[in-house]
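**Student:** Below is the structure I would like to discuss, written out as C-alpha cells.
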C-alpha cells in the first residue's frame with residue numbers, strides 16, 4: 001500500500017466517525033526522521049509559507065488557567081469529562097450536566113487569552129496584509145482565540161457560549177451569567193458537593209416563539225460526530241496549507257489526531273509546540289518543547305524577510 005493510500009484510509013476511517021480517544025500508540029504507516037528543534041530553520045519555512053494552518057488543543061488554554069479535565073486529577077466532583085460530556089449522561093441527568101457546563105462557563109468568564117493566543121491572532125492580522133492566510137482549527141470550546149482577535153477560526157468541538165435546542169435545533173450564542181436563574185451559585189466542583197437536582201423545566205429553555213425546548217451546550221460530546229460542514233472546511237484548509245502548526249494538543253483524540261499527520265504525509269512541514277512529546281511527534285519536521293506562551297511568540301513574530309506595506 002502506498003503512503004498516500006495508507007494516510008487516506010486512516011483519515012477516512014476516523015474523520016467521519018465519532019469523537020473518541022485514540023489508542024496510546026498510533027501505528028502510522030510511514031517513517032520520518034527525528035523532528036528538529038532548530039528555531040532558525042523553522043523561521044525560514046515560516047517566512048515562505050502562504051497558507052498556514054494552526055491546530056490548537058487544551059494545552060494552549062491551560063496556560064490561561066483553564067481546567068483541562070484530562071489526565072490525573074482532572075475531575076469535576078466525582079466525574080471526569082468523559083463521563084459527563086455524553087448524550088447518555090445528559091439524557092439521564094440534565095441537571096448534573098448543566099451544573100458542570102455552568103461551572104465551566106463561569107470559570108471562562110474570568111479567563112483571558114495568553115501570549116500564545118495573542119501571538120496567533122497578531123500573526124493572522126499581519127500576514128493578511130501581505131496576502132497570506134492563517135486559519136486556526138481548534139479543539140477548544142472556550143472562545144479564547146476569538147477573544148484574542150482571531151478571525152479565521154474553525155471550532156470543531158463547538159463553543160461553551162452557544163446553546164442548541166433539543167426540540168427545534170436552533171443554535172444561539174449565549175453569554176448570560178448565570179445562564180438561567182436556577183443555576184445561580186450552582187456547579188461547585190468540590191467532590192463533597194451534592195447535585196442540585198434542578199427540574200428540567202427550570203434548566204435553560206429555548207426562547208424561540210412557542211418552543212420552550214430544553215437547551216443543551218452546543219459542543220460535540222463523546223460518541224457524537226463532528227459537524228460535517230465544519231469538517232469540510234477543515235479538509236479544504238488542510239489541503240491548501242503549506243505549513244501546519246500543532247499547538248498544545250496531545251494528539252490522542254480523533255479525528256483531530258489525524259489532521260497534522262495527514263498534512264505531513266503529503267510532504268508539508270509540520271511543527272509541534274507542546275509541553276511534551278506526543279504519539280505523533282516523530283511524524284513531524286519540527287518539535288518545540290515548553291509552554292506554548294513562551295515558544296510560540298518568537299516562532300510567529302515578524303521575520304526579517306517580511307515586507308510590511
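Cβ coordinates are placed from backbone N, Cα and C, and glycine is handled just like the others.
What TrEMBL says about a protein is an automatic prediction, not a curated fact.
Okay, these came from TrEMBL:
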- 32-306: domain 'Deacetylase sirtuin-type' (DOMAIN)
- 57-76, 139-142, 248-250, 274-276, 292: NAD(+) binding site (BINDING)
- 101, 104: substrate binding site (BINDING)
- 157: active site, proton acceptor (ACT_SITE)
- 165, 168, 206, 211: Zn(2+) binding site (BINDING)
**Student:** Just to verify a number: CA distance, residue 275 (NAD(+) binding site) to residue 165 (Zn(2+) binding site), in angstrom, no decimals.
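**Tutor:** Between the alpha carbons of residue 275 (NAD(+) binding site) and residue 165 (Zn(2+) binding site) there are 38 Å.
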**Student:** To the nearest whole angstrom, state the Cα distance for the pair residue 65 (NAD(+) binding site) and residue 104 (substrate binding site).
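**Tutor:** Cα-Cα, rounded: 12 Å.
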**Student:** Can you tell which of the binding-site residues 57, 101, 104, 139 lies nearest to residue 168 (Zn(2+) binding site) in space, using Cα positions?
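**Tutor:** Closest by Cα distance to residue 168 (Zn(2+) binding site) among the binding-site residues 57, 101, 104, 139: 101.
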**Student:** Give the distance between the Cα atoms of residue 61 (NAD(+) binding site) and residue 165 (Zn(2+) binding site), rounded to the nearest whole Å.
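**Tutor:** A Cα-Cα distance of 27 Å.
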**Student:** Which one is closest to residue 206 (Zn(2+) binding site) in space, judged by CA to CA distance, out of the binding-site residues 57, 101, 104, 139?
**Tutor:** 101
**Student:** State which of the following binding-site residues has the fewest other Cβ atoms within 10 Å around its Cβ: 57, 65, 248.
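**Tutor:** Comparing Cβ neighbour counts within 10 Å for the binding-site residues 57, 65, 248 gives 65.
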**Student:** Pull out the binding-site residues from the set 139, 165, 248 whose C-alpha sits within 10 Å of the C-alpha of residue 157 (active site, proton acceptor).
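**Tutor:** Near residue 157 (active site, proton acceptor), where near means Cα within 10 Å, the binding-site residues are 139.
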**Student:** I need the nearest neighbour of residue 248 (NAD(+) binding site) among the binding-site residues 101, 104, 165, 211, using C-alpha distances.
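**Tutor:** For residue 248 (NAD(+) binding site), the spatially nearest of the binding-site residues is 104.
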**Student:** Starting from the Zn(2+) site formed by 165, 168, 206, 211, give every other residue of that chain whose CB sits within 8 Å of the mean position of their CB atoms, in sequence order.
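**Tutor:** Apart from 165, 168, 206, 211, the close residues are 166, 167, 169, 170, 207, 208, 212, 213, 215.
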